[in-house]
Amino acid sequence: MHMTNIEAFFSPAYPWLALLLGLFIGSFLNVVIYRLPIMLMRESVLEAERDNIPDVNLWWPPSHCPQCQHNIAPWDNIPVLSWLFLRGRCRHCHGSIPFIYPLSEALIGGVFFLLVYCFYPEFNLLQLGFIALFLCLLYTLSVIDLNTFLLPDCLVFLLLWSGLIASVRHIIPISPRDSVMGAVFIWCFTWLMSEGFRLVTRREGFGRGDMKLYAACAVWLGNANVGILILGSAALGLFFFFLRYVFRRYCPQRSELARQGYIPFGPAIAIVTVYMLYTEVLH
């Protein structure tokens, strides 16, 4: 890609601007990870039971300590730096602030930095923006799945439609036909596998959320990579199950689904999809 003189002058700053943007987007993803499952849970219960579930959305109430409910001042809400300055504690009640918050901010910031540093100007900023959206959605879905065994439709469908737009606009080198065929094939395959497993064992196999996530990821990878996606994620999911079995005494299961032997499959799908997009699609 040919850069103008102005772009060439400012391009050394792009990775650092991407880092700054990623830190704040990572902070917003923390809000999504924490609040979206609560919002979905509140919508799914009866009216009489909603009083026991906080009434929140992604914008309200303002950021606050979940223990003492004090609003967090803007200077205490600077990604990563505020957590380090406060030593991981609330300024008011001194309750601990989970490490996942600065970790998400640093991780997304680092990913944004590496995207621009390693791939610009080979990929233009629009392409990098779509790839960044793809990575943010998969990260958010993975953490929510690990915490709650949920894969929210709104995020999965955003992943699917953004992949279709990227395909139609030639932002990724996958034709719309291959994207759609990949999604249809993997949905049909996982549905048949799930129904077959249910008939044989009388238990659910693939969750519907996993099937939708498979379809959304197949849009980004194309029909040719569907088989590797299924096999790779299945192998990684079994590996995660083995690790949980080995270390079960050190990691008590917090939910009934976990105690029944279910595993959150979203992270395995996400990891394999990211690896395949990098190795098979973008190279």
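Note: Cβ is positioned from N, Cα and C throughout, glycine not excepted.
The annotation domain 'Prepilin peptidase A24 N-terminal' is assigned in TrEMBL to 20-118. Each residue in the domain 'Prepilin peptidase A24 N-terminal' (20-118) gets a DSSP state, and the totals come to 58 helix, 4 strand, 37 coil.
The domain 'Prepilin type IV endopeptidase peptidase' annotation in TrEMBL covers 133-241.
Among the features that TrEMBL reports, transmembrane segment is placed at 13-34 (among others).
According to TrEMBL, the transmembrane segment annotation covers 99-120 (among others).
Residues or ranges marked as transmembrane segment in TrEMBL: 126-147 (among others).
Positions annotated as transmembrane segment by TrEMBL: 154-172 (among others).
Per TrEMBL, transmembrane segment is recorded for 184-201 (among others).
Same-chain neighbours of the transmembrane segment (213-242): 134, 138, 141, 151, 156-157, 159-160, 163-164, 166-167, 172, 174-175, 178-187, 189-190, 263, 265-273, 275-277, 280-281, counting only residues six or more beyond its ends whose CB sits under 8 Å from a CB of the stretch. If you look up TrEMBL, you'll see 213-242 (among others) marked as transmembrane segment.
Taken from TrEMBL, the feature transmembrane segment applies to 262-278 (among others).
Per-residue pLDDT, averaged across the domain 'Prepilin type IV endopeptidase peptidase' (133-241), gives 93.
Panel annotation: around the transmembrane segment (262-278), residues 131, 134-135, 138-139, 141-142, 144-146, 149, 151, 206-207, 209-210, 213-214, 217, 220-221, 225, 228-229, 232-234, 236-237, 240-241, 244 of the same chain, lying at least six beyond its termini, place a Cβ under 8 Å from a Cβ of the stretch. If you look at the transmembrane segment (154-172), the same-chain residues 6 or more away from its ends with a CB under 8 A from one of its CBs are 32, 36, 126-127, 130, 133-134, 137-138, 140-141, 144, 178-180, 183, 209, 212-213, 215-217, 219-220, 281-282.
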